[in-house]
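Colleague: Here TrEMBL flags 100 as active site, proton donor. Annotation source TrEMBL lists active site, proton acceptor at 169. Per TrEMBL, divalent metal cation binding site is recorded for 240, 241, 264. Per TrEMBL, (S)-malate binding site is recorded for 408, 453. According to TrEMBL, the domain 'Malic enzyme N-terminal' annotation covers 77-255. What TrEMBL lists as domain 'Malic enzyme NAD-binding' is 265-522.
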Ligand SMILES: NC(=O)c1ccc[n+]([C@@H]2O[C@H](COP(=O)([O-])OP(=O)(O)OC[C@H]3O[C@@H](n4cnc5c(N)ncnc54)[C@H](O)[C@@H]3O)[C@@H](O)[C@H]2O)c1
Ligand SMILES: O=C(O)C[C@H](O)C(=O)O
Ligand SMILES: [Mg+2]
């Protein structure tokens, strides 16, 4: 059906072959080779997309390590989008872990050494006078619907990397969400780095200066946001991996004036809410009846705590937050408790009979022993923090503990799910942030470890907001997306199945999320489109970008 697509294209010869958006390589037909000045520029044989994928897959497998495969795929993306996304779609699970978490962490850590060709826009602090000009140079005439930006201060769990991540997140929008890559754009906001390794690396490609903070930082970010509001008022602005002191603050600052979305806060909150809903479906209980311990009270931890929809008054009863100074309790004082954590601070007297460490902190194990939580979530960046004693204490406190070690990449997971499964005799309901193989239940059956990664929901949240052209991404839209994802949980049919849909089904799950989000925008009356709510599903299906070549006709006025 896609071969019926006809595109009017204005590029010829070498420029056509070097345009990743339009290049077809050996798949250009005879007629196209004649019309676009390509005869003599390509070998004779005309390949189908299937043949091209087979060849690329063989080439990929001649690379031995995940990082070599990541570099290969990056080059393929720079050459031919249709081939790149076709190949990824055909081997979705295998290759998502190569272009995204966990391999992406290694690619970003080594970005300056692996660097070959830049992608997206780099806005660098000392060059801010030309910000608008630089922005327009790359975006002029383009119908941009999505901008993914990062300042790379808190990349996954590997911290400050100066530059990185937004292009991988953007590729996932296309792969799992069906967003047209020609309408998406990734931006690196380079405000320096405090990473000593990068600062002393002669090959570091970013701005080799300490991170700009305070007023100067805020003004720089504001200049960027206002630029988007001016030139692309309908476009969704996605923030990724900002530092803990900025993420929530920037979201609150802009979310009422533009459609902005913080993935680590809202995307993680939403996917975890979906996994929690599925887990309580298995335990036949209610969200409001859980006792939660969240280990790592940063962007993700707080996003999760807030997304459960528990009211402010209830929060202090249900949630126990533990961070690098142990339990968040009154006597830690303002230097150790960020203002955003205020509503979760525990009174000291509640803990007066509990042993502390030498620094006077209440450690995770003690918190678990006292609270007997039903839910333990890790987003601390501290690999192995859920020790055997902690996990066994969870099991002592309730029959089916819900344990989600969400830190990425894989080596930072708070507990290997296989161990958590063994230590709880298969009773824990588990989900992780990175992909893990199934664990063995005591009865010999496989227990599927759900991948509770925001990629299972953020492409759908974004697509739903773009589809409805809502000027805001509201909490209602996010919760509607989470509820729809939870309803797709395989565990609702078989309690031993994964809590969330398998990544193989991520495109279908994200489409459902998008539909729910757009319908919710209609229900809240904030849609910006003139068609009706009953058309949401058809419009969503029509709008999805699929990697397919179509037929090209040369036209000087056509697309470039
Ligand atoms: N699965 C997902 O979809 C998903 C989404 C977002 C983040 N994450 C992961 O969660 C982790 C945190 O991400 P974030 O964006 O919230 O980062 P963040 O920097 O905003 O927060 C990290 C928090 O952990 C705390 N912390 C650091 N060391 C600790 C320790 N030893 N003990 C206890 N707490 C400690 C920090 O003080 C901070 O509050 C990362 O590993 C990230 O990859 C996973
Ligand atoms: O990037 C991911 O894999 C998920 C999340 O956004 C993270 O920061 O870990
Ligand atoms: Mg992130």
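Glycine is no exception: its Cβ is also placed from the backbone N, Cα and C atoms.
Keep in mind that TrEMBL annotations are predicted by a computer and have not been checked by a curator.
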Colleague: Hey, for the divalent metal cation site built from 240, 241, 264, who else sits with CB inside 8 A of the CB center?
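Modeller: Output for this site, in sequence order: 150, 154, 155, 165, 169, 239, 242, 247, 262, 263, 299.
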Colleague: Inside 10 Å of the Cβ of residue 453 ((S)-malate binding site), count up the other Cβ atoms and send me the figure.
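Modeller: A count of 25.
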Colleague: State the Cα to Cα distance, in Å, between residue 453 ((S)-malate binding site) and residue 264 (divalent metal cation binding site), rounded to an integer.
Modeller: 10
Colleague: Going by Cα-Cα distance, pick out whichever of the recorded positions 100, 169, 408 is nearest to residue 240 (divalent metal cation binding site).
Modeller: 169
Colleague: Which ones in the same chain are close to residue 169 (active site, proton acceptor), with CB under 8 Å and 6+ residues apart in sequence?
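Modeller: In sequence order, 148, 150, 186, 238, 240, 263, 458 meet the Cβ cut-off.
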Colleague: Going by DSSP, is residue 240 (divalent metal cation binding site) part of a helix, a strand, or coil?
Modeller: strand
Colleague: Among the recorded positions 100, 169, 240, 408, name every one whose Cβ is found under 6 angstroms from ligand 1, counting any of its atoms.
Modeller: 408
Colleague: Across the whole of the domain 'Malic enzyme N-terminal' (77-255), what does the mean pLDDT come to? Round it, please.
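Modeller: Across the domain 'Malic enzyme N-terminal' (77-255), the average pLDDT comes out at 96.
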Colleague: Consider only the recorded positions 169, 241, 264, 453: which of them have a Cβ under 6 Å from an atom of ligand 3? Write none if no residue does.
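Modeller: The ones that qualify, in sequence order, are 241, 264.
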Colleague: Far apart in sequence but close in space: which same-chain residues, 6 or more away, have a Cβ under 8 Å from residue 100 (active site, proton donor)?
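Modeller: 168, 171, 172, 455 - these are the non-local Cβ neighbours of residue 100 (active site, proton donor), listed in sequence order.
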Colleague: Quick one: Cα separation, residue 264 (divalent metal cation binding site) versus residue 408 ((S)-malate binding site), in Å?
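Modeller: Their Cα atoms are separated by 12 Å.
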Colleague: What is the separation, in Å, between the Cα atoms of residue 241 (divalent metal cation binding site) and residue 408 ((S)-malate binding site)?
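Modeller: Their Cα atoms are separated by 12 Å.
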